[in-house]
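Here is what TrEMBL says about this protein:
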- 12-33: transmembrane segment (TRANSMEM)
- 45-65: transmembrane segment (TRANSMEM)
- 86-110: transmembrane segment (TRANSMEM)
- 130-150: transmembrane segment (TRANSMEM)
- 162-182: transmembrane segment (TRANSMEM)
- 204-226: transmembrane segment (TRANSMEM)
- 241-266: region 'Disordered' (REGION)
Amino acid sequence: MARELKSWSFWRAVLAEFVGMTVFVFIGIASAIGNKHNRYPDQEVKVALAFGLAIATLAQSLGHISGAHLNPAITLGLLVSCQISFFRAFMYIVAQMLGAVLASGIMLKVSPDPESTLGLNMLSNGVKAGQGFAIELFATFQLVLCVLATTDKHRTDVTGSAPLAIGLSVGLGHLVAISYTGCGINPARSFGPAVVLEAFKNHWIYWIAPMSGGVAAALVYDFLLCPKKEALRKRMNVLKGTADPEPSATEPLIEPRIPRSGSGAE
């Protein structure tokens with residue numbers, strides 16, 4: 001953790017998650033609240049495209065800075081996969097939640113509808129909590145599985161665009177889940193409008209189900225579909241934030257002091 005605390009690249013990554021989440025939630029809920037005829041399939045396609053294209057764009061824009069998680073479920077999945085440290089996961093999720101709240105607050109102010117629901121995730125009429133939970137879990141499972149597979153450093157067969165594939169996966173999740181749950185598959189996206197509107201009915205579903213889906217995807221991919229060969233010690237070093245960084249991956253916050261010429265220091 002100490003190494004990450006002293007790294008400019010780490011704090012830039014946290015900032016990227018905050019900025020990216022703010023933009024993502026703003027675009028997403030803007031498309032949702034502008035959808036006055038959400039009972040029609042073509043309008044659901046519009047919302048699905050907005051969320052999917054937003055993620056694809058932001059993943060391409062911010063991926064080299066933070067990995068562009070932009071979703072606590074993805075962050076948790078990568079943590080379970082031993083690809084990021086506990087501290088980085090914690091800071092990413094905090095940044096994502098703050099960005100979602102900020103975007104929701106801005107959208108509330110600029111929305112022409114004073115009674116806007118800000119695209120608040122809610123169960124549709126007739127959908128029970130357990131049914132909504134299952135929909136959210138499986139929709140998130142396929143998303144995190146896609147992220148893990150398309151960004152797997154051990155693969156040599158991936159020639160397409162990972163951001164595009166992930167964006168399509170987000171769009172797919174929305175096409176499936178909108179009619180049932182409004183499609184959360186991203187706890188921070190659900191959290192922002194809920195905080196601003198102080199509306200938390202069934203909100204637990206939009207946290208526990210996506211997080212469970214993210215964990216399940218990591219376990220299935222890493223231990224069943226594509227088992228990793230890294231030593232346990234290496235995995236633990238990653239989780240603790242003490243693993244050796246990639247070349248040029250970090251820059252020290254505190255520059256080393258260089259003695260002046262003639263000072264007598266060698």
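In case you wondered, yes, glycine gets a Cβ from its N, Cα and C as well.
Taking every recorded stretch in 12-33, 45-65, 86-110, 130-150, 162-182 and counting its Cβ pairs under 8 Å to the transmembrane segment (204-226), the highest total belongs to 130-150. The transmembrane segment (12-33) makes no contact with the transmembrane segment (162-182), as judged by fewer than three Cβ pairs under 8 Å among residues 6 or more apart in sequence.
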